[in-house]
Amino acid sequence: MTGIDDLSKSFQSLGIPKTHATVGLTNLIASTKQYNSLFIHKRLPEYGWSDVQIQSLLFLFSTLDTNNKTLATCGNNEEDDTRWCGVGEREGRVFSSLVSQRHYGLSHGMGRSGDITEPQPKAAGSSALVKLALLLTLDALRRGSKLDAKGPAAYGILLPLCTGMSISLLLASIRSKEENSETKKDIVLWSRIDQKSCFKAIHSAGLICVVVPTKIEGDEVITDIDAMEAALSKHEGRVLAVITTSSCFTPRVPDAVDKVAKLCKVSNVYHIINNAYGLQCAKTSKLINRACVVGRVDAVVCSTDKNFLVPVGGAIIISPSKNIIGEVGKVYAGRASSSPIVDLFITLLSMGMNGYKRLLKERTSVLETFPERLREVAEKHGERILVCPNNTVSFGLTLDGLARPKEVDELDENYTQSTAKEITSFGAMLFSRCVSGTRVVPRSQLKSIGGQDFIGFGSSTNEYPHAYMTAACAIGVSIFEIEEFYVRLDKTLTEFKRKKKKKAQKIACN
Ligand SMILES: *Cc1c(COP(=O)(O)O)cnc(C)c1O
């Protein structure tokens, strides 16, 4: 770009007084300083940037890429059109200017077919953006989410894949590393968490999932360390990895990842932590840090949308090991979309460290009253809150009173099936009142996924003694939403019970 002095002279030649030009140009200097600081420190700026500033950086990146014009505007300027002759099959051509705008002119995606993290020759701008996005994310994880820079957040890779597919890719990369080992390592031990995507991730990597049961302690569903140890010795030699989960719906609480890490170290098996939305919880980060110190953690997988308020579609895998991260980039088949990474880059710049920390703090301040307010609603309707102090994101209240009472000699299966239906309809009723995100879990629900039967699906254990519902106090939630939730929950419970009573009376009359 022309120097500031030159610009000032040009302004004056246009009849703009020097004092005016100077005022305007100080903005330009300030904005250039912001860019420089980003490129030098490669850290999340303390304060969020303006939209104009972010957009102008994005357009700068797209100017550094080749072929960043749309077919719709082609032909306007011959010199511009023929500066590059694209004679490959993939030349970043975009027909629609709407699509081009949606991507700020960035159309090359990221990586090369050999490695998703490799710089793309045609796209210096995109490549730099992706690298910077990773560094900013790691900074947010270290300074914001309090994950150790020398522990779990030492290295990382951003993927345009959801959490489940990222776990699958990670497993595939670990498996290919182990290809030369003497025995066939084809088993993944999975501390049961009733979330289909993680279970399917193991199958899509072509591995066998052995479900390690959890156990109940008080209201909490916790890791069964003895069962994990037993599974490790039963399948000794064939276990490739153990997957634990550190963010989950109540009554399941985060796995004892530190204890499992110790077992994995002793048994010499990989340990992957599914930390889908755990970055918002300092307590969870502390647990993961500890696990890395006392035992073995190979990788931690986190969703970008659940943690950073971007559209669905991205994940970050972090690891204390450079090697693990490097391998993941290599197994990704093909060039990748950079869209989810651009979304994250924009969001982080817009938040700044301050904005991110503020969001984390806002969540904890809602958290101060959440359980208590939920308890009030529960008790008003003869229910109670599930006591799961180790889960600080997801909260539950019993719904036992919503099911009709059991007749003494009623066949168990009939009873569970019909009450399950009744209780699940409560979830639908909440949804129709515009309450989303709650999960209503009946007792002993049966579910089959990929040929494996799960009893008591939803609660991550076979025989949870309550029907219940969960609600999350997650990053980005507003106090207004939460206040309205208590009101609607209360109303819906009242209405549900009234309807049930009416139905019972009708049956009695007949
Ligand atoms: C959300 C979530 C997943 C799945 O996330 P996707 O990004 O849809 O794959 C897996 N496990 C847990 C614990 C989750 O919360």
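Each residue, glycine too, has its Cβ placed from N, Cα and C.
Predicted, not measured: the structure shown is a model, and the values here were computed from it.
Listed by TrEMBL as binding substrate are Arg112, Ser113, Gln120; the candidate from Arg290, Arg296, Arg335 that the record includes in that site is Arg335. Of all Cβ atoms in the shown protein chains, 20 besides its own fall within 10 Å of the Cβ of Gln120 (substrate binding site).
Counted within 10 Å of its Cβ, the other Cβ atoms near Arg433 (tRNA binding site) come to 13, all protein chains included. Candidate recorded positions: Arg90, Lys306, Arg433, Arg498. Nearest to Arg335 (substrate binding site) by Cα distance: Arg90. Rounded to a whole value, the Cα-Cα separation of Arg498 (tRNA binding site) and Ser113 (substrate binding site) is 61 Å.
Remark: of the binding-site residues Arg335, Arg498, the most isolated position is Arg498 (fewest other Cβ atoms within 10 Å of its Cβ).
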